[in-house]
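Step one of this worksheet: look at the structure below.
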Amino acid sequence: MTDEFTTDIYYDDDADVSTLDDETVAVLGYGSQGHAHALNLHDSGVDVVVGLREDSASRSAAEADGLTVTTPADAVSQASYVSVLVPDTVQADVYENAIEPNLEAGDTLQFAHGLNIHYNQIQPPEGVDVTMVAPKSPGHLVRRNYENDEGTPGLLAIYQDTTGDAQERALAYAKAIGCARAGVIETTFQEEVESDLFGEQAVLCGGVTALVKHGYEALVDAGYSPEIAYFECLNELKLIVDLMYEGGNMEMWNSVSDTAEYGGLTRGDRIVDDHVRENMDEVLEEIQNGEFTREWILENQAGRPSYSQLRQAEQEHEIEDVGARLRELFAWADDETETEAESAEVAADD
Ligand SMILES: NC(=O)C1=CN([C@@H]2O[C@H](COP(=O)(O)OP(=O)(O)OC[C@H]3O[C@@H](n4cnc5c(N)ncnc54)[C@H](OP(=O)(O)O)[C@@H]3O)[C@@H](O)[C@H]2O)C=CC1
Ligand SMILES: CC[C@](O)(C(C)=O)C(=O)O
Ligand SMILES: [Mg+2]
Ligand SMILES: [Mg+2]
């Protein structure tokens with residue numbers, strides 16, 4: 001077991017937002033990450049211009065938030081620091097048509113996810129710095145944490161350092177969006193993209209929702225009420241994970257009953273067993289060898305048939321309707337409503 005971390009971790013004292021005083025940052029995109037970065041940078045005193053399509057649904061939101069909005073190409077031409085926060089699947093096109101023609105030597109080209117660089121969808125020119133500042137959080141929480149004077153952990157990677165100032169500039173950016181309040185871990189584009197794709201597929205998004213739905217279906221199919229199944233398998237998960245977030249699995253184990261602890265420790269590995277680990281290793285291999293990224297690019301080129309069908313089926317799962325009706329009935333609905341409103345607001349920007 002290692003008693004020393006091998007990575008460098010940076011905090012607010014390691015960064016200086018004034019590094020960006022003479023720079024204009026173009027934030028391309030105003031969705032989950034884009035709105036959070038643009039607003040946090042702006043509130044940190046950085047000169048920001050948002051780049052959006054003429055017909056973008058996000059324009060009105062960005063302008064209502066007091067930000068300067070123009071087209072992506074014009075934003076890049078005005079900027080010395082370009083933060084690419086459009087969907088991964090359109091970045092190569094946006095780069096070719098709006099970024100590359102307007103990028104100048106000495107500029108920074110920055111990403112929040114390494115996919116397009118690591119899988120060679122974008123080949124940046126020599127003469128620019130290429131960096132990544134990747135919050136380890138959904139975008140609307142990056143904004144909420146900043147507004148609450150809290151931080152969001154992030155990753156930082158330097159792919160190309162032409163100016164010799166790439167890290168100083170990226171750290172200033174990370175501080176300005178609130179990541180250095182929590183901690184910024186230095187990594188590489190490869191490590192970020194492969195770990196992020198794995199985490200969202202096998203644990204955070206894919207794995208956990210599959211577990212929740214199977215648990216819900218097992219109870220409902222055995223005759224238990226949907227309300228009970230929802231509270232047991234979805235709602236309480238937040239409360240459990242909050243404890244894990246605060247103090248590791250042991251904080252959760254120390255808080256639940258001995259009965260839950262014994263049942264969980266003896267049955268957990270029967271539910272998520274060695275076969276699940278084999279599946280995880282298979283999913284990771286598909287990420288590492290580029291199979292997933294090729295599949296995702298082809299899916300988009302075909303107009304997202306599978307994505308749309310799967311998303312529709314997810315929306316139609318009984319747990320969505322049961323959960324929406326229950327959240328309306330309970331005291332915390334105001335908070336949830338706020339979260340759902342935040343999500344709806346950001347989703348409208350998509
Ligand atoms: N979502 C998250 O929490 C996280 C995302 N990331 C990364 O951040 C990046 C952005 O993702 P995310 O914030 O989820 O993106 P969203 O889908 O939430 O937002 C996309 C934004 O880009 C705009 N956009 C879409 N297509 C184009 C286009 N062709 N040209 C110009 N603008 C366009 C949209 O506006 P409109 O369609 O109206 O033009 C919207 O404002 C990705 O690299 C992602 O991997 C990293 C960490 C977490
Ligand atoms: C967990 C999904 C994520 O990687 C994220 C919010 O970090 C994403 O791509 O949205
Ligand atoms: Mg992620
Ligand atoms: Mg991701």
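Each position is counted from 1, following the chain as shown.
Quick reminder: no glycine exception, Cβ is built from N, Cα and C everywhere.
Here TrEMBL flags His113 as active site. Marked as NADP(+) binding site by TrEMBL: Tyr30, Gly31, Ser32, Gln33, Arg53, Ser56, Ser58, Gly139. Annotated Mg(2+) 2 binding site per TrEMBL: Asp196, Glu232, Glu236, in sequence order. For Asp196, Glu200, the entry in TrEMBL reads Mg(2+) 1 binding site. Feature annotation from TrEMBL assigns substrate binding site to Ser257. The domain 'KARI N-terminal Rossmann' annotation in TrEMBL covers 7-187. Per TrEMBL, the feature domain 'KARI C-terminal knotted' maps to 188-333.
Taking the features listed in TrEMBL, we show where each one sits on the structure.
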{"residue": "Tyr30", "record": "NADP(+) binding site", "DSSP (3 states)": "coil"}
{"residue": "Ser56", "record": "NADP(+) binding site", "DSSP (3 states)": "coil"}
{"residue": "His113", "record": "active site", "DSSP (3 states)": "coil"}
{"residue": "Gly139", "record": "NADP(+) binding site", "DSSP (3 states)": "helix"}
{"residue": "Glu200", "record": "Mg(2+) 1 binding site", "DSSP (3 states)": "helix"}
{"residue": "Glu232", "record": "Mg(2+) 2 binding site", "DSSP (3 states)": "helix"}
{"residue": "Ser257", "record": "substrate binding site", "DSSP (3 states)": "coil"}
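Taking a Cβ distance under 6 Å to any atom of ligand 2 as the criterion, the binding-site residues Gln33, Arg53, Asp196, Glu200, Glu236 reduce to Asp196, Glu200.
Of all Cβ atoms in the shown protein chains, 8 besides its own fall within 10 Å of the Cβ of Ser257 (substrate binding site).
Taking the Cβ of Tyr30 (NADP(+) binding site) as centre and 10 Å as the limit, one finds 30 other Cβ atoms among all the protein chains shown. Between the recorded positions Arg53, His113, the minimum number of other C-beta atoms within 10 Å of a residue's C-beta occurs at Arg53. For ligand 4, the nearby binding-site residues are Asp196; that is, of Ser32, Arg53, Ser58, Asp196, Glu236, these have a C-beta under 6 Å from one of its atoms. Taken in sequence order, the recorded positions Ser32, Ser56, His113, Gly139, Glu236, Ser257 that lie near ligand 1, meaning a CB under 6 Å from one of its atoms, are Ser32, Ser56, His113, Gly139. In this structure, the recorded positions that sit close to ligand 3, with a C-beta under 6 angstroms from any of its atoms, are Asp196, chosen from Ser32, Ser58, His113, Gly139, Asp196, Ser257. Averaged across the domain 'KARI N-terminal Rossmann' (7-187), pLDDT for the predicted model comes to 97. Comparing CA positions across the recorded positions Ser32, His113, Gly139, the one lying closest to Asp196 (Mg(2+) 2 binding site) turns out to be His113. Once the Cα atoms of Tyr30, Gly31, Ser32, Gln33, Arg53, Ser56, Ser58, Gly139, the listed binders of NADP(+), are compared pairwise, the greatest separation found is 20 Å. Cα separation, the residue listed as 'active site' to Glu200 (Mg(2+) 1 binding site), rounded: 12 Å. Note on proximity: of the binding-site residues Glu200, Glu232, Glu236, Ser257, the one nearest Gln33 (NADP(+) binding site) is Glu200, by Cα distance. For Glu236 (Mg(2+) 2 binding site), the Cβ neighbour count at a 10 Å cut-off comes to 11, with all displayed protein chains included.
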